[in-house]
Amino acid sequence: MLDGSLLARWLAAAFGLTLLLAALRPSAAYFGLTGSEPLTILPLTLETEAAAQAHYKACDRLKLERKQRRMCRRDPGVAETLVEAVSMSALECQYQFRFERWNCTLEGRYRASLLKRGFKETAFLYAISSAGLTHALAKACSAGRMERCTCDEAPDLENREAWQWGGCGDNLKYSSKFVKEFLGRRSSKDLRARVDFHNNLVGVKVIKAGVETTCKCHGVSGSCTVRTCWRQLAPFHEVGKHLKHKYETSLKVGSTTNEATGEAGAISPPRGRASGSGGGDPLPRTPELVHLDDSPSFCLAGRFSPGTAGRRCHREKNCESICCGRGHNTQSRVVTRPCQCQVRWCCYVECRQCTQREEVYTCKG
């Protein structure tokens, strides 16, 4: 589990985190963090092979559902983008929940149990997975790593000029269409599936809402005789923040859940919320996360998490909450870190090694 206060520190440490995608029931099409197979350590860059159809083998190694595998094989760049998307989603999930009792534990048995239930945490996993794929695919298009898509083709922007001047727009139109088809949708009679698909779409919509128009002026002496504009996605860290807020305000739609199967029964619309289309559909029209079941406390080890015993916490920030009232242990240790760094000509950084004493807080069992 990743336990750091700075995103950059553990982004580098978790470089190798990726996926195996699940082959579920024929009518299902789940992806990444919401698959039933365990996440597996693989390189972010798939090994190169001399064969012309090497990407076929890459798609097969991901163990996709039949339709997903067919879509993967259409373009040599898809397989690597899928791997990148899941890694990005997992890292962002763990970063957003680093101060919470549930810190996005992705070990196989905990995640498998969680996905059988319609918790808020489950809703977040669906949203962050679809958002990660949408973001990664749009970026792959604009970076030229895909054969079936290039830069954004927004009719209101001068993409020819944007491309000429190096301002290639992220192709959200292609990526969102691909993701909706890739994730698919089971029968509308399957209520749990409709909730999952709704949360998938929330992830896509948050990506769309974060698109910004970036412009650059060109002309003599800094004049703006020509202005080139292109569309650009928000950093994925911002997407994660928005989805975390939606997690915190997730709407519960009533359910009866079979403990053995995790299948949801009848659900009723949340009070005061407009129903969606489809005659009595309880899902909101607005892009809000929805869940079926109340979440456990995640305080003690169980089916859904390893609990919080031994978890590091910050005394002034979250020890009381994370430790669930059990208190925390304090350990003093001496650490050595680079300090007083200076750039020397040419071309290296010279640092002193400074020692300092720090206190580490961990939850009692």
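Note that Cβ sites are derived from N, Cα and C of the backbone, with glycine treated the same way.
Swiss-Prot lists Cys93-Cys104 (among others) with the feature disulfide bond. Classification of Cys104 (disulfide bond) by DSSP places it in coil, neither helical nor stranded. Neighbours of Cys104 (disulfide bond), defined as other CB atoms within 10 A of its CB across all chains, total 24.
The disulfide bond annotation in Swiss-Prot covers Cys141-Cys149 (among others). Residue environment of Cys141 (disulfide bond) contains 29 other Cβ atoms, counted within 10 Å of its Cβ in all protein chains.
If you look up Swiss-Prot, you'll see Cys151-Cys168 (among others) marked as disulfide bond, on the strength of similarity to another entry. In the three-state DSSP reading, Cys168 (disulfide bond) counts as coil. Its Cβ taken as reference, Cys168 (disulfide bond) is surrounded by 20 other Cβ atoms within 10 Å in the chains shown.
The Cβ neighbour count for Cys229 (disulfide bond), using a 10 Å radius and every protein chain shown, is 18. Residues annotated as disulfide bond in Swiss-Prot: Cys215-Cys229 (among others).
A sphere of 10 angstroms centred on the C-beta of Cys224 (disulfide bond) encloses 10 other C-beta atoms. Swiss-Prot lists Cys217-Cys224 (among others) with the feature disulfide bond, giving similarity to another entry as the kind of evidence.
The disulfide bond annotation in Swiss-Prot covers Cys299-Cys324 (among others). There are 17 other CB atoms within 10 A of the CB of Cys324 (disulfide bond), with all protein chains counted.
When other Cβ atoms within 10 Å of the Cβ of Cys319 (disulfide bond) are tallied across all protein chains shown, the result is 18. Per Swiss-Prot, disulfide bond is recorded for Cys313-Cys319 (among others).
According to DSSP, Cys323 (disulfide bond) sits in a coil region rather than a helix or strand. Annotated disulfide bond per Swiss-Prot: Cys323-Cys363 (among others), in sequence order.
The feature disulfide bond is assigned by Swiss-Prot to Cys339-Cys354 (among others), with similarity to another entry given as support. Sequence-distant contacts of Cys339 (disulfide bond), defined as residues of its own chain at least six apart whose C-beta falls under 8 angstroms from its C-beta, comprise Cys351, Arg352, Gln353, Cys354. DSSP classifies Cys339 (disulfide bond) as strand under the three-state reduction.
In the three-state DSSP scheme, Cys351 (disulfide bond) is classed as strand. If you look up Swiss-Prot, you'll see Cys341-Cys351 (among others) marked as disulfide bond.
In this chain, no residue six or more apart from Cys346 (disulfide bond) has a CB-CB distance below 8 Å. Residues or ranges marked as disulfide bond by Swiss-Prot: Cys346-Cys347 (among others).
What Swiss-Prot records for Asn103 is N-linked glycosylation site. Asn103 (N-linked glycosylation site) counts 22 other C-beta atoms within 10 Å of its own C-beta, drawing on all protein chains shown.
The O-palmitoleoyl serine annotation in Swiss-Prot covers Ser221 and rests on similarity to another entry. Applying an 8 A CB threshold to same-chain residues 6 or more apart, the list for Ser221 (O-palmitoleoyl serine) is empty.
If you look up Swiss-Prot, you'll see 254-287 marked as region 'Disordered'.
Sequence annotations record features per position, and here Swiss-Prot assigns signal peptide to 1-29.
Calculated from their C-alpha atoms, the gap between Asn103 (N-linked glycosylation site) and Cys347 (disulfide bond) amounts to 40 Å. Under the three-state DSSP scheme, Cys149 (disulfide bond) falls in the coil class.
In terms of C-alpha distance, the listed disulfide-bonded residues Cys149, Cys229, Cys299, Cys319, Cys363 place Cys229 closest to Cys217 (disulfide bond). Listed in sequence order, Cys319, Ile322, Cys323, His328, Tyr361, Thr362, Cys363 are the same-chain residues six or more apart from Cys313 (disulfide bond) with CB atoms under 8 A from its CB. Neighbour counts of Cβ atoms within 10 Å were compared across the disulfide-bonded residues Cys93, Cys299, Cys363; the minimum falls on Cys299. For Cys299 (disulfide bond), the nearest of the disulfide-bonded residues Cys141, Cys168, Cys215 in terms of C-alpha separation is Cys141. Sparsest Cβ environment among the disulfide-bonded residues Cys149, Cys151, Cys215, Cys217, Cys347 (other Cβ atoms counted within 10 Å): Cys347.
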